[in-house]
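Just below is one structure, and these are the notes that go with it.
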Amino acid sequence: MQKAIPITAYKSSSLSGKIRIPGDKSISHRSLILGGLANGETYIHGLLESADVLNTASAMQAMGACIIKKDDFWIIRGTGNGCLLAAQKPLDFGNAGTGARLVMGMVGPYHMKTTFIGDASLSKRPMGRILDPLRLMGVEIEATHGDHLPLTLYGPKMANPIRYHVPIASSQVKSAILLAGLNTAGITTVIEPVLTRDHTEKMLKAFGATLEIERDKEGARLIHLYGHPHLTGQTIHIPGDPSSAAFLIIAALLVEDSDITIENVLINNSRIGLIETLWEMGAHIEFLNQRQTGGEDVADLRIKSSVLKGVTVPKERAPSMIDEYPALAVAAAFAEGKTVMLGIEELRVKESDRLSAVAQGLKINCVDCEEGQDFLVVYGKGSAKGLGGGYVSTHLDHRIAMCFLTFGLVSEKPVTIDDQRMIATSFPEFIPFIKQLGGKIA
């Protein structure tokens, strides 16, 4: 077993420079999956080459897709929709919850046996939210108690199209069902009460699937997918990941005399809840050179040091920033006054109990906060004085690691995290980028 590698962040000043962050993780997973299903070749520029994404690539290769890297882009020769091969061994997703859940949806309706395994963290995460609709489609499942990994899917001879009301705001559940609908006769319908990230819908249309989207009288979103479409390979340019950019944005806002530009960041409306919240707190964040790339809105972000004030973040905003609450908690700790985050129970079933991990880390670093089942209240002091000095347990969670390294760049006293290795699952360049901008991490 590999040994943990602690690392410490120290109070920094004057972060400056331009950086271009790696591709969006959500779009990277989906590009590999749809490229692997399509006829012909798909060319992917800007793929996030993190451990999570590469595990999805390995899974698609195990089921017949040809995936190679050439120079700075990736080429996928897909199997054709409906033509995946049975994997000869279990698909190991490591820490990749998104990859595992989306591939479960994609492969569920295939009349074959597929086994999914993962690391200790992924094996604790709930899979029932994906397995329940697959069961309705006729998939038989052998799972560890409580619908956890390891698990095996036995696809039916002919899957049933379903009309499924997603019980929680989850782009992963929605996407898994839509991917299952690709190899299912008839019309598969997903009903989501609130908009979640919509990359799957956009990309399915781009690859040639027929989707119809409407609203019902209650305002819920109905997505109808017509089964057995002919998917054709595409050229994809993946914009930078706003969830990774979040920690750099927070660092630049809080470290004195900072002025940085993050180029080519995805600003899809379903992904900018954090930026909207930071604007309400008084943040100086500009969108420069706004443009569209592959149907997605993209901009360069200029961020300057700002004095922030506490706000209340409504629960309705949670789906558009669910991965960014750890970053927001850092901003809240140094803001003036109370910040209240509501409707965030989904944080409890991430790579760790992320809500608890954030609250513990804040308290260890002398920040007053209150943790509830579905909320977090942070009492900001408006100053770095007296804060920091903690040794933080990351719980094998990449976002907790980046959260408290960012905290340590601002606090009066250094902050040490117990292990930096898991940062590579989503943002391998994080520490080098912080150093490049002038941050002190060692």
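From the backbone N, Cα and C atoms, a Cβ is placed for every residue, glycine too.
The structure displayed is predicted, hence computed values, not measured ones.
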- Item | Site co-member for phosphoenolpyruvate according to Swiss-Prot, given K25, R125, Q172, R354, R399, out of G94, G97, G208 | G97
- Query: Are there any residues in the same chain, six or more apart in sequence, whose C-beta is under 8 angstroms from the C-beta of Q172 (3-phosphoshikimate binding site), and if so which?
  - Reply: G97, T98, R101, L102, R129, I130
- For K25 (3-phosphoshikimate binding site), what is the secondary structure state per DSSP, taken as helix, strand or coil? helix
- Task: Could you list the residues of the same chain, at least six apart in sequence, whose Cβ is under 8 A from the Cβ of R30 (3-phosphoshikimate binding site)?
- Result: L102, S175, H199, T200, M203
- Note on the structure: If you measure between the CA atoms of D323 (active site, proton acceptor) and R399 (phosphoenolpyruvate binding site) and round to the nearest Å, you get 8
- Using a 10 angstroms cut-off on Cβ to Cβ distances, just flag whichever of R354, R399 is the loneliest among these binding-site residues. R354
- R399 (phosphoenolpyruvate binding site) -> DSSP, reduced to three states, gives helix
- Looking at the binding-site residues R125, R354, R399, which has the shortest Cα distance to K25 (3-phosphoshikimate binding site)? R399
